[in-house]
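Student: I'd like to ask you about the structure that follows.
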Amino acid sequence: MVTQTRELGRPKCEDYWPEEAEPVYFNNPKMLTVRLLSSEQEKEGLIARVLQFKSEDGSTRNVNHIQFVDWPDHGVPHDPAHFLTFLRKIRALKKESHDEVHTIVHCSAGVGRTGVTIALDAAWERLQNGLPVDPKQLLEEMRSQRGCLIQTVQQFLFVCNTILHLAEEIKSQHLMKLEYVEENCKNSERSKRELSPEDHKDSKKNDKQNNAQETVI
């Protein structure tokens with residue numbers, strides 16, 4: 001989760017989990033009970049929770065809920081290393097699990113901060129496997145599936161800078177062409193005007209129509 005429930009006095013996300021031991025209940029379309037099993041402020045801006053979801057048939061599922069709150073809407077985190085701590089926590093939890101694990105990412109609108117998070121996780125996966133990353137190509141692939149992912153030039157430049165930061169971190173672990181990654185990031189910065197969400201208004205309109213038919217937490 002890469003948003004707060006309220007920012008600058010405006011609601012950004014529903015409180016779909018309890019802050020105390022008392023559970024919260026949902027009844028759409030079936031009864032669902034959510035309990036807070038644990039909550040810990042691990043680092044500045046990073047909150048780790050374990051939630052238990054119980055359906056009306058009695059089956060339960062525990063969910064690791066990691067919230068990164070140091071990120072203003074339409075802005076960027078203040079430091080790439082700080083945000084990578086958040087991604088590293090998520091990736092470590094997935095690696096530790098013995099079951100098949102799926103990751104759900106959400107912010108408020110589901111395109112800006114969510115897009116940055118998805119892009120950097122995908123870039124991390126490629127770099128960890130010794131593969132080069134082209135930020136512009138990655139963004140175009142993402143927008144072919146959901147228009148307007150990564151809303152601002154500032155957010156895209158943060159992606160480029162964080163990829164470079166991550167590449168420096170892991171280059172000693174894998175044989176990879178760091179120069180190729182650096183050049184692609186620089187080229188992407190030069191072509192940032194081509195990547196404006198304004199070019200994807202039709203895709204955004206289609207997304208709104210599709211989202212109206214879905215229920216997403």
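Cβ atoms are placed via backbone N, Cα and C, with glycine included.
Automatic prediction, not curation, is the source of TrEMBL annotations.
Annotations per TrEMBL:
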type	residues	note
COMPBIAS	186-208	compositional bias 'Basic and acidic residues'
DOMAIN	1-166	domain 'Tyrosine-protein phosphatase'
DOMAIN	84-157	domain 'Tyrosine specific protein phosphatases'
REGION	186-217	region 'Disordered'
Student: Averaging the per-residue pLDDT over the domain 'Tyrosine-protein phosphatase' (1-166), what integer do you get?
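Tutor: For the domain 'Tyrosine-protein phosphatase' (1-166), the model's average pLDDT rounds to 92.
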Student: What does the DSSP secondary structure composition of the domain 'Tyrosine specific protein phosphatases' (84-157) look like, as residue counts for helix, strand and coil?
Tutor: 44 helix, 0 strand, 30 coil
